[in-house]
Amino acid sequence: MGSLVMANDLQVLNALDVAKTQLYHFTAIVIAGMGFFTDAYDLFCISMVTKLLGRLYYHHDGALKPGSLPPNVSAAVNGVAFCGTLAGQLFFGWLGDKMGRKKVYGMTLMIMVICSIASGLSFGHTPKGVMTTLCFFRFWLGFGIGGDYPLSATIMSEYANKKTRGAFIAAVFAMQGFGILAGGMVAIIVSAAFKGAFPAPAYEVDAIGSTVPQADFVWRIILMFGAIPAGLTYYWRMKMPETARYTALVAKNLKQAANDMSKVLQVEIEAEPEKVTAISEAKGANDFGLFTKEFLRRHGLHLLGTASTWFLLDIAFYSQNLFQKDIFSAIGWIPPAQTMNALEEVYKIARAQTLIALCSTVPGYWFTVAFIDKIGRFAIQLMGFFFMTVFMFALAIPYHHWTLKDHRIGFVVMYSFTFFFANFGPNATTFVVPAEIFPARLRSTCHGISAAAGKAGAMVGAFGFLYAAQPTDPTKTDAGYPPGIGVRNSLIVLGCVNFLGMLFTFLVPESNGKSLEDLSRENEGEEETVAEIRATNQLQVLNALDVAKTQLYHFTAIVIAGMGFFTDAYDLFCISLVTKLLGRIYYHHEGDNKPGILPPGISAAVNGVAFVGTLSGQLFFGWLGDKMGRKRVYGMTLMIMVICSIASGLSFVFAMQGFGILTGGIVALVVSGSFKNAYPAPIYSVNNEGSTPPEADFVWRIILMFGAIPALLTYYWRMKMPETARYTALVAKNATKAASDMSKVLNVEIEAEKEKIVETQGNSFGLFTKEFLHRHGLHLLGTTSTWFLLDIAFYSQNLFQKDIFSKIGWIPHPETMNALDEVFKIAKAQTLIALCSTVPGYWFTVAFIDRMGRFAIQLMGFFFMTVFMFALAIPYNHWTKKENRIGFVIMYSLTFFFANFGPNATTFVVPAEIFPARLRSTCHGISAAAGKAGAIVGAFGFLYAAQSTDPSKVDTGYPTGIGVKNALIVLGCVNFLGMLFTLLVPESKGRSLEEMSKENEGEEEITKGENAQTIPVSV
């Protein structure tokens, strides 16, 4: 019995748990966060370019309005990345538990970089060909992005100390806010540059001339830019050592874990080889696999909680984000498309969305960072869902009030609050908690499952809102869309989804202040007689990580990991900026009174296909991160992002023409502004053909391809990152390697403690086993459901904010602008939102997450998202009045702020803390995939739901929807559900990963020994 020890008795793990905050923590935040920068950039900038894509490829001569993406195309473009993300979350989550976190880490980054570039290089002789290749690359972009969810969350949770772990994981996720903001800024800069270089008349003046040929470069540049930040961190990502928890607890290599953490923490850590042997020989209650009876007993409800809340969150979150352009158009905040040229439309949408991001989305993220370790994950998630519900209903119920010109500003303010409380709420906590509460050997897998559930919600939001938001009046639906339930009813639905998220939050355990091993209950099954031994046999490599001071490496890790999220946000959200331009370029119909728009199916595909890919990537790479290790998969995901980001912009027509959300907006502004000035064009109503100059085709390509740059820049560093000590120690059972890696990272001497790496049978349970469900079932349910619900609202808001701004009149009617003018104005609007709300929200989370706790921030975030969404929806007609547009924008920005200073950050952080090391990546991937499922729901659902109930007012090809007002009400309900489901997510503030994942359960105990978890670390 004396040989049996708890996982977090290993000195290397204890060193991590008690480590002071030091440079390495910030390095890790940057390294890990750059993936999320790219993630946010790519996933959100697509909403800025969909208008442009409609003008470029779906213009119809004689049409009164500019071309727009057909419903199925719009749904595909918006949602296909979510599908890829979901798959990536599951696959890489599992792979991270099998191969180690580090081995997979560079892989995901390179996928992001390559596909980000490829997105901008999408090719084809016909509009259908361009959209097909764009969707193809966006799926694989999403696949790489999905891998970053479980891996980054798991890596950061396993590197961080338990006192500030929530803030560090949330800070990684908060890079999404910068990605969103970057998406808007890039769109603004690119569209402004093109608008200035290629002036064009409004669509109603000259339908053809309003979309200059150079506009085709705009969307490509915007999408491709997302690859840059991710690429910049690749080297550092590859330099990171494997996490000590994987090396020690999974790989059973304590010597390596101690060596790695000694370097990382810059302290002396003993390898303790005798403890590795002890743990390896103790086959007992902790050998359960995923979805085994023991897993389900321990973690079943946890996984249900993380998956369901992430799923519900993403329905609302992605519906809000992807289709905020449509909501703004509906309330008149963005002028009618026909009153702008293509580049002007991109510019105005980008400006509107950037404003929302700046005022609400970004602040929401950083509110979560600031308070998550103070008020806890549970409180934040519950609050976030609650306020998301309240604000969604406040927007939906008086929706007609908000549509009045005098009330548009109020609507934007209320809408912003839903973003704020999404991020200062479930959007952050659904990410954080799954990375904490599951065992190390299943942590990546469980996070991947939770994330995949979220992406499933994102799909629901992306595809569902696309159709649901269509007006009920068939004459008012977008071209090719059937009538929907209208924006008002769609918002009501989202409000209900948020409410469900609030309910499911009760399934998610609080992980605040506990070690990962305590949270994942990886020590269950021990006999009581070894409690005293435990008190003096802390696994040093993990202890070194938990007690390490915050140092440069932490910030480096944040940048390296966060760049994936930068690319994610950039690519997924900048697409909304270019869809208008794509519609003008490829779907213009001669004689139409309005510029061409993407047909409903194409619009849905363009917006949603990345979500499908993201969901797949979250599940796949989440699992792969648990199987191969976090690092091995990490570079893979980045390269996928980079390649596909570039490839998206290389979609070519037969003539071969052709930072995350904030950079997306800025890139869109710069590109569209430059092309607008270089190629002046009349507005659509003056000259249908001339409003979209041939050069407009370059605009969307440039915007999309730019997303590859940030991701590519981090590839080297991502590959240099060592495997996480927790994976190396707890999953790979390689104590020597874990100690060696962390010794280098922390700059301390760490003993390998091989004798401690004995995994008892009670803690070897697999994913979805009875024991897993018992320990973590509710937690996984909480992380997946809240992330799912969050992303429904979050992505609906982000992807379609350009449409919302147009509805409220903040962006002029398409026919009053030329193609480049439209891109510029959309980018300007979205960048303004990102700058004022999205980005601040992320960093509020970073600042407060370890003070307030994950729970409080997520709960608060969902609450305010609910409140502001209802405040926007209920008096919607009020906000549509011209004099009220500013109020609408402010309110709308606050929803972004509280999304990021709320659930958008915490849903990312918590799944990386509460699951066992061997399943952490998988569980985070599942949670993230649930989020992306919600994003798919938001992207596709809001696209249709926000259509007018009046058939005469729907976009071409769209059926009637429930209207923007009702769609906002739905998002408010979704946020409220997210608040409820937050109650399922545990508080992980201040606790080690092993405490939260309960990786010490199953050992014998002499006494309770709950306070005997740490021994001194030799320095």
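Just so it is clear, glycine is given a Cβ too, placed from its N, Cα and C backbone atoms.
TrEMBL has this to say about the protein:
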- 994-1008: compositional bias 'Basic and acidic residues' (COMPBIAS)
- 28-513: domain 'Major facilitator superfamily (MFS) profile' (DOMAIN)
- 557-990: domain 'Major facilitator superfamily (MFS) profile' (DOMAIN)
- 994-1019: region 'Disordered' (REGION)
- 23-49: transmembrane segment (TRANSMEM)
- 69-92: transmembrane segment (TRANSMEM)
- 217-236: transmembrane segment (TRANSMEM)
- 355-372: transmembrane segment (TRANSMEM)
- 378-397: transmembrane segment (TRANSMEM)
- 448-469: transmembrane segment (TRANSMEM)
- 598-621: transmembrane segment (TRANSMEM)
- 633-654: transmembrane segment (TRANSMEM)
- 659-678: transmembrane segment (TRANSMEM)
- 698-717: transmembrane segment (TRANSMEM)
- 832-849: transmembrane segment (TRANSMEM)
- 925-946: transmembrane segment (TRANSMEM)
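With a cut-off of 8 Å on Cβ pairs spaced 6 or more residues apart, the transmembrane segment (448-469) and the transmembrane segment (23-49) reach fewer than 3 such pairs and are scored as not touching. Ranked by number of Cβ pairs under 8 Å to the transmembrane segment (23-49), the listed stretches 69-92, 659-678, 925-946 are led by 659-678. The stretches the transmembrane segment (217-236) and the transmembrane segment (378-397) do not meet in space: the count of Cβ pairs below 8 angstroms, excluding pairs fewer than 6 apart in sequence, stays at fewer than three.
For the transmembrane segment (925-946), same-chain residues at least 6 beyond its ends with a Cβ under 8 Å from one of its own Cβ atoms are 43, 71, 74-75, 78-79, 82-83, 85-94, 96, 142, 146-147, 149-150, 153, 303, 306-308, 310-323, 326-327, 330, 430-431, 433-434, 444-470, 481-482, 484-487, 489-490, 493-494, 572, 600, 603-604, 607-608, 611-612, 614-616, 618-623, 625, 780, 783-785, 787-797, 799-800, 803-804, 807, 907-908, 911, 958-959, 961-964, 966-967, 970-971. If one looks beyond the transmembrane segment (378-397) by at least 6 residues along the same chain, the residues whose Cβ comes under 8 Å of a Cβ in the stretch are 309, 313, 316, 368, 371-372, 411, 414-415, 417-418, 421-430, 433, 488-492, 494-496, 498-499, 501-502, 505-506, 508-510, 512, 782, 786, 789-790, 793, 849, 852-876, 879, 891, 894-895, 898-899, 902-903, 906-907, 910, 965-983, 985-987. When pLDDT values are averaged over the domain 'Major facilitator superfamily (MFS) profile' (557-990), the model yields 77.
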